[in-house]
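Okay, so here's the structure we're looking at.
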């Protein structure tokens, strides 16, 4: 077992850091600060962070095949031109739910952008239940609604054979699997593959490695856990120096580094003084496994 090393990269501290995505072309890590309403890009070579402010809570960012990015902000799917600092709405959802916003999102192997909604939180993890839905933005810019009654739509990824969709609705304290059809993007036959233990707290963002194992960031659990979706067993736990770990992705050279985002919202002064890196982005090396490159949105 190689020795695991954890370091905080960049000096920025986010209120609700989320949605880390590696941009190989730019040798950079993208992420968002949902409540801080900004999309951030950390340059791995220079260590510099560029931030782009937006007009609503921005909950996920993804690469786009034609260049630049797509984001979810408020209840909108939007295109983001980085250099021009230009945001253009592509589609809107949940028009009948003024208190909703998007949460986590990710692009599937066919280039569709999956993202889910939730009610705006009163305080972290406290909100009106079952207000959210899971959506897909297709490359032709049409939107498909998969299901509703979601509490906090969160982590998502696809199996290496593209036959299973993994998904987290945080307050179910479960990592779920669906049968997934790559051709149509349809999902069905939902089942739980892992139930979180008490000390793991709330499942948040998620990614998959090249061995088909899932990595889940545990909000208020201060850790990422590695799960085997076949056996339903936890294989590994990596603890971080902050409690509010929110999401994870692989990146860097050969996708052998893991990046973990975190939050500081909901922490009082005393808590923050104990965890000065809360809201930071962490790089984990020495895990001995690699991830797969993110898929770009095809539209």
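The backbone N, Cα and C atoms fix where each Cβ goes, glycine too.
Since this is a predicted model, take the numbers as computed values, not measurements.
Residues or ranges marked as active site, proton donor/acceptor by Swiss-Prot on the basis of similarity to another entry: 204. If you look up Swiss-Prot, you'll see 18, 154, 204 marked as divalent metal cation binding site. Here Swiss-Prot flags 101, 103, 121 as substrate binding site, drawing on similarity to another entry.
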What's the number of neighbouring CB atoms sitting within 10 A of the CB on residue 18 (divalent metal cation binding site)? 26
Binding residues 101, 103, 121 (substrate) - maximum C-alpha distance in whole Å: 11
Taking 8 Å from the centroid of the Cβ atoms of 101, 103, 121 as the cut-off, which other residues in that chain fall inside it around the substrate site? 34, 57, 59, 100, 102, 117, 118, 119, 120, 127, 152
Fewest-neighbour residue among recorded positions, criterion Cβ within 10 Å, set 121, 204: 121
Using CB atoms and a 10 A radius, I'd like the single residue among the binding-site residues 103, 154 with the highest neighbour count. 154
Cα within 10 Å of residue 154 (divalent metal cation binding site): which of the recorded positions 101, 103, 121, 204 qualify? 103, 204
Identify all same-chain residues not among 18, 154, 204 whose C-beta atom falls within 8 angstroms of the centroid of the divalent metal cation site's C-beta atoms; report them in sequence order. 19, 103, 104, 152, 155, 168, 170, 205, 217, 219, 246, 247
